[in-house]
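Peer 1: Before I ask anything, here is the structure I am working with.
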């Protein structure tokens with residue numbers, strides 16, 4: 001009873017306890033269980049809105065992978081060197097290639113595809129770029145791009161990496177800011193503002209959150225994966241788009257202009273009903289509920305749960321909006337979000353490291369295919385295979401089990417790539433293995449492909465998992481945090497390219513250790529499969545961690561702490577050995593006290609017996625230390641015989657102690673008179 005009583009007491013917020021809001025209506029906060037089924041469930045209108053979120057995903061895919069073409073480094077050849085070069089400079093070995101044109105194709109310097117898919121030049125540090133005019137040759141299908149437009153090669157190549165770095169930094173801040181705005185002003189205003197200013201990060205965030213909040217628990221993952229496949233479709237179609245456009249400006253226009261059609265979403269796409277109900281904006285919620293019921297052809301008069309009645313009573317409530325900063329006042333929610341953010345950062349960061357390891361920029365060839373399109377479609381094929389494997393894995397093992405499995409594969413790929421290759425090089429002579437390096441290279445490519453496959457799945461699943469765990473009132477900020485963490489992981493690409501480093505320490509030490517830490521932390525996450533989305537901070541705190549494996553028996557309690565622990569039956573506690581020993585001790589004390597009363601009565605004599613019996617007419621049955629009854633030495637008066645028969649065995653023990661005390665007090669005056 002004490003445990004139950006503690007739960008009913010008022011908790012103070014200083015320990016991170018988030019108490020549920022007692023004023024919020026019950027049915028209106030159970031959106032997945034009451035409101036959406038009342039409006040037709042995942043009806044025709046919701047499916048139409050989901051399709052509207054898929055269409056922009058194709059152009060988002062174009063935008064995400066356009067850097068591989070717009071910022072690709074071409075093969076460059078100097079046509080006109082600088083005038084101030086002396087004859088000695090021109091005859092130097094380092095500058096001979098500046099004046100000589102390509103001979104049999106050997107004059108063009110080989111390009112190398114970086115981890116993000118863009119080609120770069122194998123720079124020779126001994127060569128000085130004293131050139132006025134260049135000729136460029138692109139391998140991406142475009143005739144001109146940003147690099148050829150402003151001759152961002154040689155000593156100016158660093159500007160390309162700075163541009164990529166600045167783009168990622170802007171996206172990180174955009175995710176954070178627009179996530180907070182989506183929680184404060186709504187998903188619909190953020191979507192429209194992002195479309196008006198062509199902010200791809202804002203469109204991505206708002207559409208992702210809207211898609212999650214439109215679906216019932218059984219449809220969330222499948223609808224999200226369809227959107228991921230649409231984005232990958234944009235990646236696969238991007239080379240064909242570049243080949244047809246031929247010019248980088250035309251390509252940009254084709255990517256951006258269709259997004260302007262999303263301005264029609266001002267009238268087509270409504271505000272998220274889930275967010276309106278969670279923030280207690282019941283006036284707008286009532287209108288949207290009527291609109292959804294009309295589109296789904298649902299008769300709202302058949303209101304068995306009295307949802308409309310409760311909504312009418314709650315119209316006077318004031319809206320209550322929450323910022324993501326209040327996440328720090330929780331016990332479990334902030335830990336779950338931080339764990340998933342670290343998973344997202346590790347997944348995207350180590351994905352680039354695996355890609356760079358597969359396409360070593362120090363080698364003279366890019367990969368085993370030696371072609372830009374082959375390399376590009378290899379990476380796209382790995383991403384498609386990862387998403388295809390993610391669907392059955394999550395369906396069988398859930399969100400937490402699938403994330404744990406792919407993270408373990410990522411860690412093994414990184415550790416085996418580090419340890420196994422070193423062992424092969426060390427013991428190649430003892431094992432009669434070819435030590436020329438081809439075997440090591442093949443093993444490195446194989447482990448890199450496996451690592452890219454699993455890390456891509458980790459990245460996608462971490463974002464989706466965070467969107468499910470985060471409550472509706474702060475879901476925009478939570479998704480913004482995990483997407484910003486992914487941006488921090490992608491920052492490793494331009495930084496490593498800027499310094500022309502392989503990232504050996506970052507890959508095999510930093511990110512490998514992060515994968516091991518993530519494996520441990522994933523076990524602390526709750527499972528959200530088939531669970532309703534949390535609406536408030538208190539709902540997010542109610543998600544409890546369950547065992548990773550299902551229970552063996554159907555009726556076994558799955559929670560770590562069963563709720564029935566506080567209602568145990570203690571009625572048979574007297575059967576314990578401790579209670580039996582205590583009962584024997586009490587019986588022995590009763591017998592000893594009775595014997596003391598009899599001996600005191602004998603020493604006083606016959607004169608004190610009537611005085612004692614007058615005060616206490618009830619005389620208990622006397623027992624010896626062995627528990628057998630014996631006759632009293634004193635004579636009982638006749639009038640006390642009937643009263644003694646009314647006393648039970650349970651009343652004898654108190655009577656004995658009281659009688660002995662009173663007899664001592666009464667007998668002292670009698671002894672003094674003698």
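We number each residue from 1, going along the chain as drawn.
Heads up, the Cβ atoms here are built off N, Cα and C, so glycines get one too.
Bear in mind that the values here come from a model prediction, so they are computed numbers and not experimental data.
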Peer 1: Under TrEMBL, the annotation transmembrane segment belongs to which of these stretches: 127-149, 288-310, 311-333, 403-425?
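Peer 2: Based on what TrEMBL states, transmembrane segment spans 403-425.
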Peer 1: Which one of these stretches, 64-84, 85-105, 106-126, 337-357, shows up in TrEMBL as transmembrane segment?
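Peer 2: From TrEMBL, the annotated transmembrane segment range turns out to be 337-357.
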Peer 1: From 11-30, 31-50, 191-210, which range did TrEMBL mark with transmembrane segment?
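Peer 2: That would be 191-210, per the transmembrane segment entry in TrEMBL.
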Peer 1: Given pairs 6 or more apart, does the transmembrane segment (505-525) have at least three Cβ pairs under 8 Å with the transmembrane segment (403-425)?
Peer 2: yes
Peer 1: Take a look at 165-185, 191-210, 377-396, 445-466 and tell me which one has the most Cβ pairs under 8 Å to the transmembrane segment (337-357).
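Peer 2: Highest pair count goes to 445-466.
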Peer 1: Using a cut-off of under 8 Å between C-beta atoms, tell me which stretch among 165-185, 191-210, 250-269, 377-396, 445-466 contacts the transmembrane segment (222-244) the most.
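Peer 2: Stretch with maximum Cβ contacts: 377-396.
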Peer 1: Top stretch among 191-210, 377-396, 445-466 for CB pairs under 8 A with the transmembrane segment (403-425)?
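Peer 2: Counting Cβ pairs under 8 Å, the winner is 445-466.
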